[in-house]
Amino acid sequence: MNNYLRKLVEGQHLTEEEMYKAGLLLLNENILESEIAAFLVLLKAKGETAEEIYGLVRALREKALPFSNHIQGAMDNCGTGGDGAQTFNISTTSAFVLAGAGVKVAKHGNRAVSSKTGSADLLEELGVNISSTPNEIDYLLKHVGIAFLFAPAMHPALKRIMKIRKELNVPTIFNLIGPLTNPVNLETQFVGIYKRDMLLPVAQVLQKLGRKQALVVNGSGFLDEASLQGENHVVILKDNEIVETSIEPEKYGFSIVKNEEIRGGNSKENAKITLGVLSGEKSVYRDTVLFNAGLALFANGKAKTIEEGITLAAHSIDSGKALAKLNLLIAASNEKLERVN
């Protein structure tokens, strides 16, 4: 590890292979916590490259719980977190809208790291059993159309690093790579990131991971979601080509909403917001979810245009299908799935 630390101190980038090996060392129980913390802070200070991100993703996926290869057509819409905006759980709420629109959603997530309420905290509050095994997740994806993958359970080797991340209390490369380490072999992906300069590197990693289509967004105000506040910077991966562009919410009929207007709270408060959105209540929360779910449906290919995606998202909510997916997941995730274990 000392060689890698020395390179980072000198501001040098690591190669993909060096980062892969460093990643395996980070997961080694014999490495000191102080070395892990130093590595993460130095890497953040230097700035992460696409090669470094992909190298670490390789190491983490190698050490993750194994999943069957026959899960086909799944999507994730997990964001990086780390934007400090304390918004409600936009991507988790949107996940049920996607599922209601017929997308198979493998939602990768965690408890709160830099926010008040993480996706796991919200889902637990809503009554979802977040401790599903790979076999149970496979079953849920097939029969419910949505499953939650609790990151610490999927990546047991990350237990120590989670503790260190919490103590550091600053975004690290692990915020960036969270959405990239989903152990399910995803076909498409929608990723919100908090660092605008990482849009292209993250899209390049998604390309290396074999995604057929993907959309990476940095929202107005550096939100790790698409924002109704103003211009959103976007990178689209389609047909193995990467295109950079920007998206204005007004073009799609939305009124401007400041990021402060969509702040969330604790898990109880955020659960109330999510249930309100999925029940069809008109609000700035609903509009934010429609925008994000619409973009995700476009990224998935379910919608040919963003406009069509927003229309499909609205239908998913207003038809009751999105809320039905939540209720199905609550029921199915709490069953004794002995037949699949």
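The backbone N, Cα and C atoms fix where each Cβ goes, glycine too.
Every protein chain considered, the tally of other Cβ atoms within 10 Å of the Cβ of G79 (anthranilate 1 binding site) stands at 30. The anthranilate 1 binding site annotation in Swiss-Prot covers G79, N110.
Annotation comment: Swiss-Prot describes G79, 82-83, T87, 89-92, 107-115, S119 as 5-phospho-alpha-D-ribose 1-diphosphate binding site, evidence class sequence analysis. Spatially close to S91 (5-phospho-alpha-D-ribose 1-diphosphate binding site) yet at least six residues away along the chain are N77, C78, G79, K107, S119, G192, E225, N292, judged by Cβ distances under 8 angstroms.
Annotated Mg(2+) 1 binding site per Swiss-Prot: S91, E225, in sequence order, evidence recorded as sequence analysis. DSSP gives E225 (Mg(2+) 1 binding site) a coil state; it is part of no helix or strand.
Positions annotated as anthranilate 2 binding site by Swiss-Prot: R165.
Residues or ranges marked as Mg(2+) 2 binding site by Swiss-Prot: D224, E225.
Within the group of binding-site residues (D224, E225), the Cβ with the highest number of other Cβ atoms inside 10 Å belongs to E225.
Spatially close to N110 (anthranilate 1 binding site) yet at least six residues away along the chain are G118, S119, A120, F150, A151, P152, M162, G178, judged by Cβ distances under 8 angstroms.
Counting only the Cα atoms, the space from H108 (5-phospho-alpha-D-ribose 1-diphosphate binding site) to R165 (anthranilate 2 binding site) is about 18 angstrom.
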